[in-house]
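Below you'll find the structure, written out as structure tokens, and then a few comments.
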Amino acid sequence: MTEIKKLIVLTSGGDAPGMNAAIRAVVRTALHYQFEVYGATAGFAGLVNGQVVPLNSRAVANCIQRGGTILKTGRFENFRFKAVRDKAREFLKKLQIDAMIVLGGNGSFAGASKLYQEGGPQMIGIPCTIDNDIQGTDYCIGFDTACNTALQAIDKIRDTAFSHERNFLIEVMGRSSGFIAVNVGIAGGAEIIALPEFHVDIDTLTQKIKKQHGKKSASIIVAAEANQPGHSFEVAKQIKEKTGIEYRVCVLGHTQRGGTPTVKDRVLASLMGAQAIEALKKGLTEKMIAYQNGKIAVAPLPDPDNGTRYFADEALLRVNNIICAM
């Protein structure tokens with residue numbers, strides 16, 4: 001087991017509220033154990049381009065309440081090429097980096113894992129995505145904040161929907177999973193929740209709309225983006241053509257990725273960040289800090305080819321149908 005003296009932390013992929021709380025915990029826990037800590041800016045691109053900054057306790061002060069990431073982030077597609085990873089590995093070797101902590105999702109973990117297998121430093125992943133769709137953990141940093149941001153928007157839209165007696169189709173993020181949609185749909189009292197995991201064809205959807213039409217002065221559909229951002233405009237168009245009922249479309253978009261992290265995201269991010277350092281001290285590598293059954297745990301990395309988690313509790317949709325049908 002290699003003794004860790006120098007550590008690097010980076011954020012990769014899409015940003016998520018709570019990342020800064022995790023960075024802060026990583027840095028200060030590492031400093032507690034006398035590690036020398038660095039941060040790579042703009043994700044894996046920072047390792048290739050030599051964009052690295054030393055991090056001390058003051059560098060992460062006053063960031064726990066901030067959304068986004070102080071280290072910047074991004075997707076770096078070229079990291080899939082070995083020649084590019086070799087350049088990153090040589091740079092880390094030159095800096096004498098012993099371990100790396102990656103905040104991100106499946107693709108980010110896979111990149112760091114390959115780097116380790118090719119002679120790079122020990123690595124631990126911390127799951128950060130508002131989509132909450134990483135296999136092996138019940139919770140990902142950023143999800144709670146994103147849900148609260150979306151819910152605030154839905155509550156405001158419902159105010160105007162009621163005032164004008166209008167119907168709205170609200171599209172939320174989530175990529176190919178429906179965790180955001182089902183949570184904010186139930187919390188926002190949506191009459192219909194549309195998820196990619198339980199696909200409903202347009203004819204079934206319009207029949208449901210016609211059955212509900214007239215019972216209320218306004219109606220809200222919450223739909224997951226289902227890997228097709230903006231698809232709700234076409235859905236609303238088909239609803240109008242088949243039923244004559246108009247639905248105004250509101251795509252919440254990237255507003256869900258920003259904002260001050262909630263208590264839940266700050267606390268879990270802090271605990272996960274600290275646990276990542278403890279895992280490295282035990283000599284662990286190619287692991288993820290997960291939230292399982294209400295506890296912080298160390299788990300295997302998700303399968304890079306099959307690491308997406310999907311919403312599966314159809315009973316929640318049935319409950320919402322009963323509550324919102326009246």
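All residue numbers here begin at 1 and follow the chain in the order shown.
Cβ coordinates come from backbone N, Cα and C, glycine included.
Swiss-Prot names ARG75, PHE76, GLY105, ASN106, GLY107, SER108 as ATP ligands; from the candidate set GLY14, GLY18, GLY39, the record adds GLY14 to that same site. Site annotation (Swiss-Prot, ligand ADP) includes ARG24, ALA25, VAL26, VAL27, ARG28, GLY189, ALA190, GLU191, LYS215, LYS216, SER217, ALA218; from ARG158, ARG175, ARG248, the additional listed residue is ARG158. Taking the Cα of SER108 (ATP binding site) as the reference point, the closest of the binding-site residues THR129, ASP131, MET173 is THR129.
Residues GLY14, ARG75, PHE76, GLY105, ASN106, GLY107, SER108 are recorded as binding ATP; their most distant pair of Cα atoms lies 13 Å apart.
Across the structure, THR255 (substrate binding site) and GLY14 (ATP binding site) place their CA atoms 13 angstrom apart. Under the DSSP three-state reduction, ALA218 (ADP binding site) is assigned to coil, being neither helix nor strand.
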